[in-house]
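*Asks:* Got a structure for you, written out below as structure tokens; questions coming shortly.
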């Protein structure tokens, strides 16, 4: 009952939205793999082993080196924002708005495809050097631009959350973790990064660097533009400062405070869940090709039926709940990855060991020397 009292409606909203974003982003990623494989089959008659890297150039696969240096790069970016925020805030706001526009258009695309399918063919319309786009892509981009403009004019937290959701889904869908080894390196490094900047940065910089950067609003570009062009005291001056969409925020039922969760705390565990979802699908097709060969003798059939995706998703929920309760008990910001990483990685590693999949998942689980193309589908 005490744990229940420490979780209010804003935390419940955060739980549900973050889980939905991870599930939706993971399945969008898997669907993109299916589409790329279909395109590859249509364009070439040759077959080969599939190593988990998509043929789509827009998809980025993180290797071990990138996983090791990503927390360092994130730390440098955090320090730049901490010390030079006033100098770079306009540029950073504009770049964030552009990325959020593209990401939210990606989020809206399936809905726009559903709406335009009955009344419009899927032929692409040429826009010269800008490229060729379908009616659904143009509609989703137009709606996304409209939402970003309204957000710039109003600064409403709900619109900021919508843009943050688009960023989360796009990052989960377009970034790949190729193996459990890379996943452990990345999440362990980010756990250390999160703990240091939340708990220990105040001893060095006399301020909680992570919290200050995450909560500091930026000047509205319209206000800056009006001042630079000397458009008058009443032009562009009534627009609000913008809280950037690097987080999800939800007000409590009393409106006294906001619950906040950084998109990194959604995206990084989401990449792990996307990886295990792809592995579950790979293993399912592999077992189908091997005529349902049973697993190790020491594992029950019921245990074999439990998917890695469901196990890791439950771990994510429990870790998020633990982080929320800890923040309410200590009445201070908590590094969410301190709870999310152990609650997702440890059950996954344990289950993989018990099922006998740990060695394969650890390095290049989607790579095989088998000539069967069906075996290699994801």
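Glycine is no exception: its Cβ is also placed from the backbone N, Cα and C atoms.
OK, TrEMBL features for this one:
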TRANSMEM  12-31  transmembrane segment
TRANSMEM  67-85  transmembrane segment
TRANSMEM  91-112  transmembrane segment
TRANSMEM  133-152  transmembrane segment
TRANSMEM  158-177  transmembrane segment
TRANSMEM  184-205  transmembrane segment
TRANSMEM  258-277  transmembrane segment
TRANSMEM  308-330  transmembrane segment
TRANSMEM  336-354  transmembrane segment
*Asks:* Let me check one thing: do the transmembrane segment (67-85) and the transmembrane segment (158-177) come into contact, meaning three or more Cβ pairs under 8 Å with sequence separation of at least 6?
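*Replies:* Contact criterion not met.
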*Asks:* Are there at least 3 C-beta pairs under 8 angstroms linking the transmembrane segment (12-31) and the transmembrane segment (308-330), leaving out pairs fewer than 6 apart in sequence?
*Replies:* yes
*Asks:* With contact taken as 3 or more Cβ pairs under 8 angstroms (pairs 6 or more apart in sequence), are the transmembrane segment (12-31) and the transmembrane segment (258-277) in contact?
*Replies:* yes
*Asks:* Could you tell me what the rest of the chain brings near the transmembrane segment (91-112), counting residues at least six beyond its ends with Cβ under 8 Å?
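*Replies:* Distant contacts of the transmembrane segment (91-112): 81, 136-137, 139-141, 143-145, 147-148, 152, 162-167, 169-171, 173, 218-221, 242, 244-246.
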